[in-house]
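Engineer: This is the structure I want to talk about, given as structure tokens.
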């Protein structure tokens, strides 16, 4: 990856990148920055995962065995923050950096220096967040949703660092999103019209608009938390005329679109992989684009379904119940289109396809439990229990994370120039598939039976399920070490990958050699 | 420990038996004991079966395709990639299903929100990490806190059947009557949840939420706080006892008498001098039940959120401030006022205890009258 190996490239002469650490610090190359994002996301995935292991270790048995409740709350909080902002979002940004210019026939991202900056502030944000755990009193322990007044009056001073870290993450995301939009709007190759864009590009474009619209809202709400805590404002304090529920409205106005920020690019990835391995064109391309846009628009109208128990007026509750149910329609269209794409195709089952198929099944399960959660009277029973934990881990782990893993397997040959080890990849897939279900499926039962989320200890009737879940968790954690090994092995060598390693693949990224040269499409290709 | 082992080994046994009764393992939502909770359960099961049916159709199509339409069977891929007709059908059908589902859901929701014409009203106040129940129709109010001994949590004692789901004073309500709950909080947001009633409502500081129930069956119903409320969020259970109206009336009488007796006792106490031994015994009990979760059994606290009481300036020197903090709390921190929560006798004893435990050794013996005068002085 560090050297240009293709001989036939006219742009070799301006490949004057510095070497060593300077190359990575000062790089403005979309491929280098993409790699940085992906490596960072992988590191955060293991850090956040290690925290999940602490959580599952404590919950393996009833009683307090390993950690005290305060540390347990720090683990759940940091696990959520790191996985959302440190693993899933940077991984998608990494994929966008690597693939979008190559998919639309652009030489690089439109704003390469900003691209460098938006990556390099990210490690510092997480450094600050992680350092906050070593302050006296520990790090943030109010859940990744940081509801006021638990995060204001009743939190410790790590809150200031938490707020600062979230601001930096937000700036990074906004810059990344601006870059994606500017690149896609301005730098498409001649002939690459809107309705020819690969779906990964479309879904990322829509995601980028969501990011630009909601990250400032997150910045606003953390700032209000900061001023409530330190500067005597009362946004969320009834004693000063504020309202703690206002916090939740603002947070979820960010938080719900955020959920789609973490799943729309996944739809794009699956829409690239399924047609490739089914050797058949994507079914309903146009309706896929419209469904993505509808989901994005609806995502601004459903935020209060996270707040059905806060005591909203009944008409507000009804409004949010109906809009939430509506989301099932465009989401259903996507799933049906993928199945129709497979129908009467000629499928093969390489690792990317396996993860994409698992995504479709498991994401659908998560989507269906989402429809159940929309039914407000039933939500009163589900809300804040393990049923919700099961729901969002099905869409985020076996959804978003599986799609990222599928994407990595799919494009690794393009990035490294080597095929990954298919046997190890299949092993990784089957271990992940079995353990992820062992981990998250029993959470539905234990939630319906009445176990609240975010508790370090529980009543005895939840013990058996929790033991299962913990075993599943440890196995899932271990399985990801196989992934790490496959990626390292593939980066270091292996069978030489052709320009187009997948028989049914389509798109400009497969027309450049593998590994992709440091500079691609200096001269725009002509898209017919 | 023996207890812990027995349920751990029951796990394979449960798998073999194929059913779960020994530990009362539960896979599904409780239908509950109210008309509303049963309607909620019915909604839950309806939407569950609808989701299963949709899942079945989608996954069947998918797996048929995976089995039949694979390259290894030598198939040639079809070339179709759109069909407006099909796409309209699979947009319209989900819309219809959702409309069918929305109608009963709306009906149940509106019924749940109608708190008018109630017979009994209870004001529920959450605070870190206990519930306070106040009967607006009677002269009754009390705190309800976790009754599971610390030793069971830490594994030094065998865990009881109702581990973490037991309280010192349960909420008592009459059966067959509409009971209205008003909910608020003294500090952060909590959420009062009893699955058997299908009530889960947040308690927001500074605001009042409403809910109601009408329980058909006498019995003991258990729940938990459902909103993360800080360190001991997992340790603030809810127990509700539903009694027949006659038994409820008797309970009200007894409870009013008990509370009146406590007030009388307080007046008597003012004239009395308690000795240090007596206060240390009671004080330790109160301390372990109400203070130790934050300030720790050995008084070392969890700084900086929960300061150490051992060698603390207030608990070893400033006696007036010590009484003030116990009575008023420290606004803006987790330190709540204990004036309502503890009896005068308990309050006095726990102050004396903290001034003499863990090497604080001030030798101070605080008397009830001293605490009482402070309360009077600020017009309590």
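Cβ atoms here come from the backbone N, Cα and C positions, even for glycine.
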Engineer: Need the matching range: TrEMBL marks transmembrane segment on one of A:11-32, A:77-98, and I'd like to know which.
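Structural biologist: So the range that TrEMBL calls transmembrane segment is A:77-98.
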Engineer: Taking the transmembrane segment (A:387-412) as the first stretch and the transmembrane segment (A:77-98) as the second, find out whether 3 or more Cβ pairs fall under 8 Å, excluding pairs closer than 6 in sequence.
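Structural biologist: Contact confirmed: at least 3 Cβ pairs fall under 8 Å.
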Engineer: Mark yes when the transmembrane segment (A:199-226) and the transmembrane segment (A:285-308) have three or more Cβ pairs under 8 Å (sequence separation 6 or more) and no when they do not.
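Structural biologist: They are in contact.
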Engineer: Restricting to the same chain and to residues at least six past its boundaries, which positions have a Cβ under 8 Å from a Cβ of the transmembrane segment (A:77-98)?
Structural biologist: 30-31, 33-38, 40-42, 44-45, 47-48, 51-52, 55, 109, 115, 118, 122, 125-126, 129-130, 133, 139-146, 166, 169, 173, 176, 180, 200, 204, 207, 258, 261-262, 265-266, 269, 396, 400-401, 404, 407, 411, 415
Engineer: So what's near the transmembrane segment (A:259-278) in sequence-distant terms, Cβ-Cβ under 8 Å and 6+ beyond its ends?
Structural biologist: 84, 88-89, 92, 95-96, 198-204, 206-207, 210-211, 214, 288, 292, 295-296, 299, 334, 338, 341-342, 345-350, 352-353, 355-357, 359-360, 363, 392, 395-396, 399-400, 403-404, 406-407, 410, 502, 504-507
Engineer: Quick check: do the transmembrane segment (A:159-187) and the transmembrane segment (A:36-57) share at least 3 Cβ pairs under 8 Å, counting only pairs 6+ apart in sequence?
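Structural biologist: Answer no: the transmembrane segment (A:159-187) and the transmembrane segment (A:36-57) share fewer than 3 Cβ pairs below 8 Å.
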Engineer: Other than its close neighbours in sequence, what residues sit by the transmembrane segment (A:354-375), given a CB gap under 8 Å and a spacing of at least six beyond its ends?
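Structural biologist: Beyond its ends, the transmembrane segment (A:354-375) has Cβ neighbours at 263, 266, 269-270, 273-274, 277, 305, 321, 324-325, 327-328, 331-332, 335, 338-339, 382-383, 387-388, 390-395, 398-399, 402-403, 405-406, 409, 426, 429, 432-433, 436-437, 444.
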Engineer: Mind pulling out the one from A:199-226, A:314-333, A:424-445, A:465-488 with the most Cβ pairs under 8 angstroms to the transmembrane segment (A:36-57)?
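Structural biologist: It is A:465-488 that shares the most Cβ pairs under 8 Å with the transmembrane segment (A:36-57).
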Engineer: Checking distant contacts: for the transmembrane segment (A:465-488), what same-chain residues at least six beyond its ends satisfy Cβ-Cβ under 8 A?
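Structural biologist: Distant contacts of the transmembrane segment (A:465-488): 42, 45-46, 49-50, 52-53, 56-57, 59-62, 405, 408, 412, 420-421, 424-425, 427-428, 431-432, 434-440, 442-443, 445-446, 449, 451, 458.
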Engineer: Which residues of the chain, 6 or more past the ends of the transmembrane segment (A:199-226), have a CB below 8 A from one of its CBs?
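Structural biologist: Beyond its ends, the transmembrane segment (A:199-226) has Cβ neighbours at 92, 95-96, 99-100, 103-104, 146, 148, 151-152, 159-160, 162-163, 166-167, 170, 173-174, 176-178, 180-181, 184, 233, 235-236, 247, 250-251, 253-254, 257-258, 260-261, 264-265, 267-269, 271-272, 282, 285, 288-289, 292-293, 296, 299-300.
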